[in-house]
């Protein structure tokens, strides 16, 4: 609620209160959101290597609260924002001073540091509460991420409807004060549950462990890998059991890295790594092409809080005496997401499971693929709707003066509803995929992969917006993205995005052909059951042998 309460309407605050233009305000939003989604890499590192997930989350929550409090203060005090300006053209309004911008953006980026420690760790802490070696708990875990995203988007729905209405019609002080209070309550609830949590201890820097494997493999690049994996260096099973870790068998994928486990006489950790350490590194590296394929759709998601909202400001928002806040349409992304997550978990999975025999219904990568197809449809739809909006603006002579177009804001609904549908497939599957496929000792880092794509996507959105705006204004042409959207060509820009999504989908299809799951998702439950059955059968025999 706190994060979406700010991001949903931030472009409106930057435009109307800090008097920034379309490109500048949109880029400031995507740069900040990009930072929000990239800092989890740092938070994941601190959690996995030093503090553990629980304490990283607690410390980050304090930073998060500090940022929210300062932000509420900056929108509340008249001295911390420029004077009110009624001119439709923001270029004629007084700009915010350096001090005003420093306080506002200082608060935003303090908040970004806080989210770096909360985002990758809270969902991981939740998933850690399920025991992978207990079949019933593992079955529950298959639904966890669906309901995790459901709860997140329930908070988002409140932010996109009630909060944005309060910000637009009551005041920004209350609009930011409420999520700050909500954050205090939610952190208190989390702390209240402390005695009941299963805590995972930090296992050292995942980056260092991965670097050792890559360096060792490169230093032994001339060494041949034995055909029998048992000849490779591996620790005793007891050592893993004592440390509460999992041993992983050697796999033929990314065979070059197996050189790191070839015995050459040296025991230097930068020359000799265990098979498990090599396999952990492989698992993290194998996911990178999948991560790259999720960046383009993340760039599309960035449009919800920038250009989609700006489009809404040009349309008729009146329903009787009520004026719809443009950012509140993002609530339909959330509603659509909530509906489809429930339908997916309660109806789609049980029906498809009978046919595929997969506990998840379909594999995580197939679910992501469906989401990518929706992103192509979204941008085609958005381009056609914008084309219609521009034609009505031309018919009513509103191109040059940039007035309100006599069309209801609800013509934008299809692109918002479809975005929620895409999220129910892609975003949920992405979060679960990167958690599920990451090694046990690198779960926070794996979870941060899902936020990394959102971060990079937002920065790419800023880059594309600035670049396309600059290129299309060359040689005296009227650009595609201007402060006056009625004179712009967002329909061309969205069509460009549709092509980009199509090319990205082709790339995704190529990537998944070569991806090997850490463990076959379709039979992991059965394999686990067989292992547990085998362990139970062995235990009595071991007792009688010792007797």
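Every residue, even glycine, has its Cβ placed from backbone N, Cα and C.
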Exercise. Which range, 54-77, 198-221, does TrEMBL list as transmembrane segment?
Worked result: 54-77
Problem set entry | Per TrEMBL, the range holding transmembrane segment, considering 242-266, 492-516 | 492-516
Exercise. Any idea which of 364-385, 518-539 is down as transmembrane segment in TrEMBL?
Worked result: 364-385
Exercise. Which residues of the same chain, at least 6 past either end of the transmembrane segment (172-191), have a Cβ under 8 Å from a Cβ in it?
Worked result: 1-2, 5-6, 9, 13, 17, 57-58, 61, 64-65, 68-69, 71-72, 75-76, 122, 155, 159, 163-164, 166
For this session: For the transmembrane segment (324-343) and the transmembrane segment (97-114), check the count of CB pairs under 8 Å (sequence separation 6 or more) and say whether it reaches 3 or more.
Result: no
Exercise. Taking contact to mean three or more C-beta pairs under 8 angstroms, with sequence separation of 6 or more, is the transmembrane segment (29-47) in contact with the transmembrane segment (447-472)?
Worked result: yes
